[in-house]
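Engineer: Before I ask anything, here is the structure I am working with.
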């Protein structure tokens, strides 16, 4: 039905859906912080597991819907383009946090491990593309490995968060994860969790509408699937991550901000697993083009730079932001420029 709309109503649906997703994500950020305090899970873990997964739901819907409609490039580029865009958001957050370099202040072992996990999960699709086109129960074997690696990685991330074998050096700029409400641990997390679930449902519906509009733009105007997926729908469905990151930084929940992006990106790799399962014309990984792989490697490179920044913990770089933020902006800007040419 959305595909049959004229251009102006089509764009109106797109804007309304984007607004719903963003508004829901703003409220979800505060609830995630409350859940982190009441469950004692910590900001980094809740940011990666709960907030990161919730704000990624709209993107999951876009990729799965595209794969079901046989558009492998759209499904793939939406997933990996979102990872690149969301990593860029940390550089933007670094700009508004003026006390110190964000990656220095938000030191947290769980975030480091999740960044390592993300690099591994992004490398696996490259193995699939380079290997033979095979499938097991409709899935490429690499998809099964990615899913198992994600589950195992999240288990290890939980252990790292709860029982770290090392701790970052504390400086005057380091922000520790402390509850906003000292009595939060004694309160039930059920009510905020149910409210959070309702907001997640709204994000999913918004993602479905965005996917339908994106497909209509591809069909109607002959736009490249990689352009629409990596630049348009990926960025729009990633707006919740931008909003939640900026809100978290403003609240002083720095570990939640960084963990939400890295954990959300880690969850986003499962877009590829879901898309591969939904794509019925063979292996998704062997139906994509060079432009799609380019956005995958862009996200991989940006994550490696981010991990380096989290390890080095530069106090301040050019313009009082970390050098890793400068590099991430340059990498994304270059990738975007090449996509548009």
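Indices start at 1 and increase along the chain as displayed.
Cβ coordinates come from backbone N, Cα and C, glycine included.
What TrEMBL says about a protein is an automatic prediction, not a curated fact.
When I checked TrEMBL for this same protein, it listed these features:
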TRANSMEM  6-24  transmembrane segment
DOMAIN    11-124  domain 'Sodium/calcium exchanger membrane region'
TRANSMEM  45-68  transmembrane segment
TRANSMEM  74-97  transmembrane segment
TRANSMEM  109-131  transmembrane segment
TRANSMEM  137-157  transmembrane segment
TRANSMEM  193-215  transmembrane segment
DOMAIN    194-336  domain 'Sodium/calcium exchanger membrane region'
TRANSMEM  221-240  transmembrane segment
TRANSMEM  252-273  transmembrane segment
TRANSMEM  293-312  transmembrane segment
TRANSMEM  321-338  transmembrane segment
Engineer: Which stretch from 74-97, 193-215, 293-312 shares the most C-beta pairs under 8 Å with the transmembrane segment (6-24)?
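Structural biologist: Of the candidates 74-97, 193-215, 293-312, 193-215 scores highest.
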Engineer: Answer with yes or no whether the transmembrane segment (137-157) touches the transmembrane segment (74-97) by the criterion of at least three Cβ pairs under 8 A, sequence separation 6 or more.
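Structural biologist: No, the stretches stay apart by this measure.
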Engineer: With Cβ distances under 8 Å as the criterion, find the stretch in 109-131, 137-157, 193-215, 221-240 that has the most pairs with the transmembrane segment (252-273).
Structural biologist: 109-131
Engineer: For the transmembrane segment (137-157), which recorded stretch in the set 109-131, 193-215, 221-240, 293-312 gives the largest number of Cβ pairs separated by under 8 Å?
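Structural biologist: Most Cβ pairs under 8 Å with the transmembrane segment (137-157) come from 109-131.
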Engineer: Counting Cβ pairs under 8 Å to the transmembrane segment (293-312), which of 109-131, 193-215, 221-240 comes out on top?
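Structural biologist: Result: 109-131.
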Engineer: Grab the same-chain neighbours of the transmembrane segment (109-131) for me: Cβ-Cβ under 8 Å, and only residues 6 or more beyond its ends, written as numbers and ranges.
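Structural biologist: Distant Cβ neighbours of the transmembrane segment (109-131) are 42, 44-45, 48, 80, 83, 140-143, 145-146, 149-150, 153, 156-157, 160-161, 164-168, 255, 258-259, 262-263, 265-266, 269, 272, 283, 285-286, 288, 293, 296-297, 299-300, 303-304, 306-307, 310-311.
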Engineer: Within the domain 'Sodium/calcium exchanger membrane region' (194-336), count helix residues (DSSP H, G, I), strand residues (E, B) and coil residues, in that order.
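Structural biologist: Summed by class, the stretch gives 122 helix, 0 strand, 21 coil.
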